[in-house]
Structures are given as structure tokens and as C-alpha cells.
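Undergrad: Quick one: the structure is below, and I'll ask about it shortly.
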Amino acid sequence: MSEEKLGFYFLVKWSIIKRNFMLAIETKNLTKEFNGLKAVDNISLEVKEGEIFGLLGPNGAGKTTTIKILATLLNPTKGEAKLWGFDILKQRDEVRNSIGIVFQEPALDNRLTGKENLDFHARLYGLDKKTRKKRIEEVLNLVELQDKANVLVINYSGGMQRRLEIARGLMHYPKILFLDEVLKTCPWVKKISQHNGIIDLNVDQGEKKIPLLMKIDQKEAGFEIKSVNLRKPTLEDVFLHFTGKTIREAEVSRIEKNKRLRPAHHPPIR
Amino acid sequence: MKSNNLQTIYVMWLREMKRFLRAKSRVISTLAMPFFFLVALGFGLKPSSSLPGMAQTKYLDFLVPGIIGMTMLFTSMFAGISVLWDKEFGFLKEILVAPVRRSVVVLGRIAGGITTALIQGILILIISLFMGFKILNPFGIILALLFMILIGIGFIGFGVAMASIMKDVQGFSSIMNLITFPIFLLSGALFPVTNLPNWLRPIILINPLTYGVDGLRASLIGFSQLSLFLDLAILLIFGLAMIILGSYLFSKTEV
């Protein structure tokens, strides 16, 4: 695993909980072409329940495209994928119910208040009135936006908007959470993960931890694959690790060099 | 699943209402144009004057149903095309990853758009009453509301369809200028379509708004150039076709 192969696509996995696993994400030869250009090339991966999964690669490697395919926003040109056992093409609604997602770009209605955005989401996902009320309070507390609940999102700062999106992503008790470059755009996540441990993503999820699929820029992560040595990684460790500030004693359970992805719109790096 | 569909329609409608009530400038700007047309033409051409060939009908009475049709056209197109703004601001992704049928999302958008368009159409009608417009038959108002709704459904669906195939808001103004204006001007909203040269006739006859304006005129002032039944039938077909087209293209949207 030489560092010269920086232009290659790395998939780094940490096993957080070792127990009888359910496959949270499973893809086989997933491929997406845009006008003949391969954005995602034959990617096969497995993420188990409870795992944190980082998707690493240079710009244009196809990270966001992969997330969009898994979230049923784009159809793959070839290959298949299952989320929580549901096929992304045949069981879209089940897939959509199982995932929460925070997009790379803001995706809020800024003419609504924070609470209204959450309420809109909750209704679309079919939560009943009682659950809605309880859950909105819960997730707002989680991201520390309770006193901004009735402020129009247009008046939120960029970081607050990201926090609201994290809250929204957790609103409907998803089994899998996708975070697309959230660390980069929301310093609060870093701060909170350094001081309080990780934001407690397990709010009322029972004892189950939700797997995370996140995308991190190699540069952003300040991340040297060789020096990683997590022995008993926890969510906190991984978050800390992602911030690039602290490298703890650790062990990467598996570093997988996947099939090479050719950048879609950029020339290959180096 | 059924109740979930209703919930989806409701939540799309609710969002539209909240945005509508908060966006006063938008309401004023979309109402401004029909209002100026009404005032400028209604007063400018003298309320008591009449058009050639229609001695018994005052021009204001002739004009008002046309301006109501115009209001419905512009507000509906605007509501449909607002899909583009959701695309621009990223909110569309939030809707598209939700476990709801996209055709139902379109229905919700139509429900929201119809409500805002109706409010504005009725406001124009009220303004025109102050200008001296006389409704022939109070029951005609109900029929007029039906026509307003049908015009709205058709053009919101059309707007959603256009927005679904466009990439960004750049195309918005060209749609408004190249499609909406011709539809308005060649609908008989401002003058009897019989005054136009023959070669324009086919365009007028395939223009759905022609039938909407004619139906509004029939129901409000009892004057029409086509049969009421034909007006209703064409608008129903148009509305249905646009719901299907809009839903189809919207469900193909990838972001």
C-alpha cells in the first residue's frame, strides 16, 4: 500500500462493533458513467452494521456520486447495491426509509424555520404527531439548536445550517447515516467530537449503533494511512481521527484498495 | 400507504402556504403585471367603449375574465417552475431522497400552486369589481372558479414538466418570455380571437388558455365564442395530460 498511489481509490474501514453482523451496505461492481466517462468504476464494498466507513479519494474520484447512487438519487449504469438488505433499484422506498443523509451542499428550505424543516421531513417520512414532536426536540437538543428552532433558516449561519441538516438526517431513526463532507463544512462537528466525545448519534436508537458512511478528503483528514493504528476504535476515535488533530493508538482493521476509479471531470492526479 | 400519500400532498401544500405568506414581495410582483394590464387597458380603452363586432359588451367586462386567465397562467407557471428553485437551493434533493412517490409530490405541488394562484386570481376579480366590472350571474362565479382551477392544474403541471427537464434557473426567464407570453397574447384574453388573421388561427386553437379564457368569459359575463362544453373538455384533457407529463418527467429527475 504505497503512498505514491494517491490517485487510487482507498477505502478504509474500521470495525467498531464485532458481533453478528447485518450487512448495512453491500455493492457489487457498481459503475456510473456520465457521457461515456466513468465516474464510478466497478466498486464492490461491504459495510457492516455498526461500522464507520470512510470513503477516501482525491477530487473527482466519485465519492459523492457513489453516495448519490446509494441514496437512490442516481441510477447506476451497471452493478447492484443493497442497503440494509434492500435493493437500491427495486426497493427504493425501503432504502430511502433506512437512510439519513447530509449532503455536501446545503439542502434546506431557508424560507422555513429550523423546526418547520424538521417537521416537513418528519411528515414526508410518515412519523406520527407524537413521535414528530418528541423527535424534533431530541434532535434539536442534540445539535444544540433548541433556541433557534423558530428562526428562519435564512438567518442561520453556515455552520448552524449544517447542524440542522445533521439533525434532519437523524430525524426518522435511520439505520444508516451518510455524511458527505460534513467535517469540512461544519467545524462544530469537530469541536463537539473533541470536547464531548462524539455527538451522541445513538439518541434513542436502542443499543444499536448506526453505521456511518462518510466522505472525507484525504487532505482534510490530514491522514496518513501508514501511521494509523487504532486498536479498539470507537466513534469518538474515528471522529478525532478524521479531524486530523489527534492520531491515537489505533489499528485499521482493513485497508482495502478498491478498483481504481478514474476521475470523472478531472485529469488523474499525478 | 394511502394516508402517507395524503400526508405528502398535505406537507407539500403546507410548505407552499408558508412560503407564500412569507413572500409578500413575490405576491406583489406576480400580481403587479395583471393589475397594470387591467388598469391600463381597462381605463385606457374607456370602460364604456366596446370592441368592433361586440356592440353590446363593454370592453372592461370583456377584459376582466381575460386578465383573470392571465393571472392564473402566470402564477401557475411560476408555481410549477419553482421546482427549479428547489433544484438551485438543493432542497429538491431532500424531497427526492424521501420515501414518497414522486407523482404524489407533483400532486402536492399542484395543490399548493392552485391555492396560491386562486387567491391571486380572486384578488384580481375583487379589484375589478371596484373598477366597475359586473358579474352577470352569481352562480357563474362557481363555474369560473372551476375554470380557474382547471387552468391552474394544466399550467402548473406544464411548469413542473419544463422545470424537470431544465438544469438551472437560467432557463426560467426564457420560458416566461418565449412560452408564457405568447400563450397569454394569443389566447383572446385582450381581444376577440376572431380579430386575428386566419393564419394565426391554428395557434390560437391549440392554445389551452384560449378555452380557459372563453370559459371564464362564458361563466362571468355570459359571452363566449366557443361552446362551454368544448372549453371544459379541452381543459380537462389538458390538465390530465400535464399532470401525467409533469409526474413522468419529475420522476425521471436526477440530481
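Just so you know, glycine gets a Cβ as well, placed from its N, Cα and C.
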Undergrad: Quick one: sort out which of B:6-25, B:66-85 is the transmembrane segment according to TrEMBL.
TA: B:66-85
Undergrad: Sequence-remote contacts (6 or more beyond its ends) of the transmembrane segment (B:175-193), Cβ cut-off under 8 Å?
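TA: Answer is 37, 41, 51, 53-54, 62-63, 66-67, 69-70, 73-74, 77, 81, 162, 166, 200-201, 203-204, 207-210, 212-214, 225.
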Undergrad: Restricting to CB pairs under 8 Å, which listed stretch, B:106-133, B:139-163, B:228-250, is in contact most with the transmembrane segment (B:66-85)?
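TA: When the Cβ pairs under 8 Å are tallied, B:139-163 comes out ahead.
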